[in-house]
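What TrEMBL annotates here:
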BINDING   228, 229, 230, 231, 232, 233, 234, 235  ATP binding site
COMPBIAS  993-1005  compositional bias 'Polar residues'
COMPBIAS  1006-1018  compositional bias 'Basic and acidic residues'
DOMAIN    135-850  domain 'Myosin motor'
REGION    731-753  region 'Actin-binding'
REGION    991-1031  region 'Disordered'
REGION    1124-1148  region 'Disordered'
């Protein structure tokens, strides 16, 4: 049995059991051949008596799904059965086959295993084999028999297996499954990231990835055009493309990705509605531009909206609903108990959302989907970046629109006027005015009357009931339309690229067109005419890109390619858009006549549109028919003129500009663009535009307030823009954006009109395939060349494949041929200036180029890594040396600082020790002198001068006994506390000095053993005594004029802070070890008692006398008894007083 027949039977059995998911179908390419391999390998293992481990199957269909019944697979069977049957081994994978040796079986099966696992970003070399092409099941171009029956059968078979996507070359066909499929998870996004198209089954993610890779590779903008009928799944396809592009262009700013994903749900809540054939029909055209950096990271987004169906706000057809947002907000406010705050009734719905069924409020209250969607809309507002004040203003305007629809008018008659209208019930009027933050009286005046300026005079005319109702509806449509434009502009502002990351001009865009599909209802009005004309324009663009331009280049370049006939809709498009006799031009012309009617409009169409595409049904006055590319459509002309005029009275604009709501002020203070949308730049609101003229506010004679604040689009004359003119400019703007980028087409097909899952209507699908030109597209993709590249661009882009990097080949045919031959491509052609390639050639060239660039990048990476490591090593060494130098400097500084502190402490300690020791020596010497020489008695006191002379003589006489005295002093020092003398307290205050009493001397002057030459006694008034009185005593620690020894220099320099650091050649001592200077030992050894005493200056001697000698009670001028005299004889002059006066101590 042939393999293909077995596959068909197997799929039929699977379709009877139930639908299979696309995830399971990824491994469905093995067919019966792979199952035979598994059975054979299992049988071989059983024959050898080996038991396979549970859960370890043989070579599965997933791993050899492309093997089929090839001889290579049959040859590899023994090897597979042998290795897979070994205990402890898993299934035979490509990784294990690489270690199977050089057997021909392994060499044959390796390409089969690795064929569909080649990724674009891979380090393994890519080789193009003859079998490397799309699977016949995936691409309709590969069908052997190409006719409508074969195509329908193939699509139906794939749809039964839930394979809803099919390729037609580089074009994707998507059938609406009418159910949720689990093939759009992040795992599938990873699966369709930078891979060959043939690696996986067709998918919408593959088209998005092709656009993304084309943008990165060619640095050129891309455009994805989604077309099809209403209800074919265009909106959902746009969602999936945005989801995958956001995944591919992952940016560091995660919040930006979340904002982009929330854009479509928010815009669709305000722009989509439920129709008779689609529950989520787009009632506007949307072109979303996703902006990327040159490296491929998403950096922003921008939305362009076209032709919102504003008439749906005030009236809907039977079986249809208003925009989704009205139901969402009503349900959300009801569950939040906020209907009273927004003046909305709880029982009876507003007129704008009410219908004939009477179940609107029941659905709003009972359906959980409305409340869930309201929470989702609030989440979208918050994520994108709308403030709470802005969201509150949006809700108030929406509630104001609903309350405006409840305003009713009644005719009143007066003596002079019979067509005047008024508002009988002011509740709805007051509610609407309160929500819109305007005055109710001004609003009523603007609704029931209008101003007309004629020859400089202002005339106030009242409105009839019908006219007042039209003004009310026009106000509601203007409010909603401008609010929708403001939301789109606000989204663009919040999603604009950050200038700090990348300049928007240097970035690249991927545009996604999601426009309303072709519509053919039971009753088709002006809105359906505009929608179908837009679809005619999209179809024309498709034909031009796929057929016309390609075949024109064949002729210009001299390429021998067969010509493909296709249905050109350009004549029909000219019937709509040409000037001045096109349908839209005739509609604008008739709209300018005040007395024109819908009947006169149809008559004008019939008189001027004499072509095969226009006809007028018999016995139906207000109808005409158009032969569109998708079939015949009959239009009802009722209301065409009024909808095209879309008149908004100036009085309404003025009143709305006086609103206290800043958002509402902005809506009606900004001008409109040529496409009918609100201008992006914020208009300047002046004081005049926010206040009513006094005549209008007082209800008196009105003036032309538009003279104060006038926009070109808001004038009272008949030359203002119409909906048809807005529509014309919108198509021009849309085409200008589409032609910039490289197009990618997604054709959505509606399998049935009943929206039932797994139901495939051959007749319905065939009609769509015919008018979309799928059969012709298959022919031209099979026989033609979809890619035409100039020699210069081709060589510049792909010269790495055949030439070295430093070479610069000429853009000639020879260079192009060398590149194509190196890539081993077939079925290409060369023209005069361009290279003509098949749709799959570009992908193969890109794979070769990426492989070459990948090798270059690898070499650069290793080289840069080595250079970086070397630079890092040098830098690290430099940093280490710098750190060592810094540490060394700091440690030296810290050591010197510590040494200086230790030295200062040692010096201070040495000074203290020296001072104490010198004091001790002085006291010892003095006590010895006192004991040996004796002192005068109380009756014969000796003056200070005589005592001093005696002491000097004693020093001279005892100079020879200094060594003995030094030995004695050393012994006294070693005794410690045995010979310590009691401390003496010197009283220095004057009151203590007065209490001092003369102390008796223990011996007389005659007991002295030394000869003390007495100086001549001086009287109290002698000059010598006066000179001693006037002499200023030297302060303590004051340096003397003459320094007698090096020790004195060190001592006084240390006290005066003048000690400088002097290095020492001695070995360093341990920390804490204190020792006097090097030369102090020898100095003190050689120092005699006499020399020590002679080194004491006069000040030290004075202090010693104060401390140790009893103070003499006699004044200096009293005469002393001669030496040797008798103290007891009583000779001499007695003292004048026992208490000496301060003058008596002049010698001290």
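A Cβ is built for glycine as well, from the same backbone N, Cα and C atoms used for every other residue.
Keep in mind it's a predicted model, so treat the numbers as computed, not measured.
Taking each Cβ in turn and tallying the other Cβ atoms within 10 Å, the top scorer among the binding-site residues 230, 231, 232, 234 is 234. Secondary structure by DSSP for the region 'Actin-binding' (731-753): 8 helix, 8 strand, 7 coil.
Around the Cβ of residue 229 (ATP binding site), the same chain contributes 517, 518, 519, 630, 748, 750, 768, each under 8 angstroms and 6 or more positions distant in sequence. Take the mean position of the Cβ atoms of 228, 229, 230, 231, 232, 233, 234, 235, the recorded ATP site; other residues of that chain with a Cβ within 8 Å of it are 176, 278, 517, 748, 750. Residue 235 (ATP binding site) is surrounded by 21 other CB atoms, counting those within 10 A of its CB over all protein chains shown. If you take the C-beta of residue 228 (ATP binding site) and look for same-chain residues 6 or more apart in sequence within under 8 angstroms, you find 234, 517, 518, 747, 748, 749, 750, 768, 772.
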